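Step one of this worksheet: look at the structure below.
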Amino acid sequence: MTTNVSVYLQNLAAADFLLSLCLPLRILNYGSGRVLVRQLYCHFGAAAFYLNMYASILYLKIVRPLRSHILQRVKPARIISALTWCSLLSVTGSYVLLSLLTQDTPESLSTMVSCDSLHSPQLRLLYRVTHICSAAVFLVVLVSLVVFYHSTSRRLAQAQRNQPSSSSSRSLSKSRRNMLVLVSVFTVCFVPYHLVRVPYAFQKNWWCWSRWLFYLKEVTIVLSALNVCLDPLIYFIFCKAFRAQMRIKRSFSTTMAQTQNFLANLDV
């Protein structure tokens, strides 16, 4: 049966999958010194990478929406998901279109593997405005997620004190632990990136520490990409269908192993 949580998790999985498809082009950009590869990555690869990263940020938040009867329905969940993708695609499309229209082909590449040297004045302005807006969205998501976790955790703790030895108390403790996992994954993957990204977007090339800020930014991007590896924890925790499928596969694997052992004994 499809639920609102499964709809959000499906979109989160799609964002993670698309982000992982962007990684080979990002790696190729690091390993190649060709202008064409750098342009291809800066025009399309980087935009797609950040589009799916912010899709993951938004879906990690709304995977546990506010306790509204409307938001708990499947149809509104699908509408919210569609609006999220449309908003992200419109911003990304504007960036790609402006980069194609205004960027010139450079004769040589910067020593740092960055798209900054390819930015026209118009694109640089859009780049900075986009990162300011993205940071603002991230801050709203982070604060709302922490407030939601704190308030819900307090209510669950109070409920546990009222019934300390019942089976429902263990269920409440599990719910608190699950929400802590969600907040922890979100914080570890995305907070370091945003702490570095906005200062980097406004840094000047003549600043003596700009190169170190660039390297620090690249490290935080690796952390944000780690989200692709950690999100399966979210699927397992919040999606009953995913857990059931995992149990079926594990049971099937155990049965197959027992069958193979039985056939091997027959051969002997």
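Yeah, the Cβs are placed from backbone N, Cα and C, and that goes for glycine too.
As recorded in TrEMBL:
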DOMAIN    1-235  domain 'G-protein coupled receptors family 1 profile'
TRANSMEM  7-28  transmembrane segment
TRANSMEM  40-60  transmembrane segment
TRANSMEM  80-101  transmembrane segment
TRANSMEM  125-149  transmembrane segment
TRANSMEM  179-200  transmembrane segment
TRANSMEM  220-242  transmembrane segment
For the transmembrane segment (125-149), name the stretch out of 7-28, 80-101, 179-200 with the most CB-CB pairs under 8 Å.
179-200
Please indicate, using numbers and ranges, the residues of the same chain that are 6 or more beyond the transmembrane segment (40-60) and have a C-beta under 8 Å from a C-beta there.
8-9, 11-12, 14-16, 18-19, 21-23, 25-26, 28-29, 81, 84-85, 88-89, 91-92, 95-96, 99-100, 103, 115, 118, 134, 137-138, 141, 145, 182, 185-186, 190, 224-225, 227-228, 231, 234
Taking all residues of the domain 'G-protein coupled receptors family 1 profile' (1-235) together, what is their mean pLDDT?
79
